[in-house]
Structure formats: structure tokens, C-alpha cells
């Protein structure tokens, strides 16, 4: 009598997927990314997290939320570099995805197709309310999209917009509370009008 046969062992295969966490500044995107990555580590999964090398606001190497929670990361200049670090990885985290080049879309697709869980966090819109970097395409190819919201600093409603409070028209301006504030649609439109910006 055979009590245990290899025929009955089901091989656990990795299931790749793409998860996107998007929203305005101060909405908890990085916080949620860190939470998911730490849960994966607790489950003994092999994880690697990446951030754009240009983001040195809180740390040159770690991913750090506005609430000062952090996780070790690898800063990179090009999305293609991610593939160099992921041969033995189960879960890949990517923070501030809006700052990466459009090659990130194919990189994430390739990782997921190879059985890797990819968790992406980033701004879905820039300070003008326009889609930001590769985020729209990443949302389109994602298996799951979580839109998180901040609280409007003017009225307390849910905030979806990142209003820039300093005079600078560059799309990329790394900043914190001194440069940006989260606003709901109504307060954002009002603030843009007061700034003399096109709405």
C-alpha cells in the first residue's frame, strides 16, 4: 500500500500579477506599498523593492513614507535595471512609478508573465491634473488597481488632486508639504483658478 505518492503532489506554481496603488500626494500610497511588501516578507517570500534614483527626499536608498515608515530598497535610474535584480524574486515593489521611463510598462508585464507579483505605487496625475508618466498604462494592464485618497486640506472631503503651492511649472518637482497640498476636485479647481492656471 502506498501512503504517499509523488503523483498526488501538486506543484505550487507562482502566479504573476500586477497591482497598482495610485492616488494623490499624502494619500498613503507608499504606506500601502510598504505594508504589502512587509506582509510578503513575513510569509517568507523573496522580495525586492525599487525606487527612482532621483527621489532622495527622505533617504537615498530606503523607500520612506510621509509618516516615516521605511523599507530597504534599490535606487535605479532606468526601469530596465529592475530585470537585473529579479531572477530569484517572488515579489517586486516599485515606488514613485510616475518618475520612471515608459519602459517600466513592458518590464512589469514581463515580470508578471514570469510568475512574479508586481506591486506598484505612484501618482496617477501630475499637479495640472494630467495623467502622469507610465501610470495610466500601468493601471490599464494591472490585475488590480487600488485608488487611495488623501483628505482635502481646505474642506475635509476626499482628495484626488495634488495642488502645487509654489510657482514652478516643471512637471517633476520633488516635494513635501511645503510644495504640495491634497485637494478635492472643487477646491482644486478653485485653487487653480486663483493661481491663474488653465483649468
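Cβ atoms are placed via backbone N, Cα and C, with glycine included.
Residue 27 (ATP binding site) falls within neither a helix nor a strand when secondary structure is assigned with DSSP, and so counts as coil. A 10 Å cutoff on Cβ-Cβ distances gives residue 27 (ATP binding site) a total of 25 other Cβ atoms nearby, all chains included. Annotated ATP binding site per Swiss-Prot: 23, 24, 25, 26, 27, 28, 29, 30, 95, 96, 97, 98, in sequence order.
For 96, the entry in Swiss-Prot reads active site, proton acceptor, with the evidence type sequence analysis.
A simple way to gauge crowding: the CB of residue 184 (Zn(2+) binding site) has 22 other CB atoms within 10 angstroms, across all the protein chains here. According to Swiss-Prot, the Zn(2+) binding site annotation covers 152, 155, 184, 187, on the basis of sequence analysis.
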**Report entry** Other same-chain residues whose Cβ falls within 8 Å of the Cβ centroid of 152, 155, 184, 187, the recorded Zn(2+) site, in sequence order
**Finding:** 153, 154, 156, 157, 159, 183, 185, 186, 188
Report summary line: Fewest neighbouring Cβ atoms within 10 Å among the recorded positions 95, 96 goes to 96
Query raised in the report: So how many other Cβ atoms are close to residue 155 (Zn(2+) binding site), meaning within 10 Å of its Cβ?
Result: 12
Query raised in the report: Among the binding-site residues 25, 97, 152, which residue has the largest number of other Cβ atoms within 10 Å of its own Cβ?
Result: 97
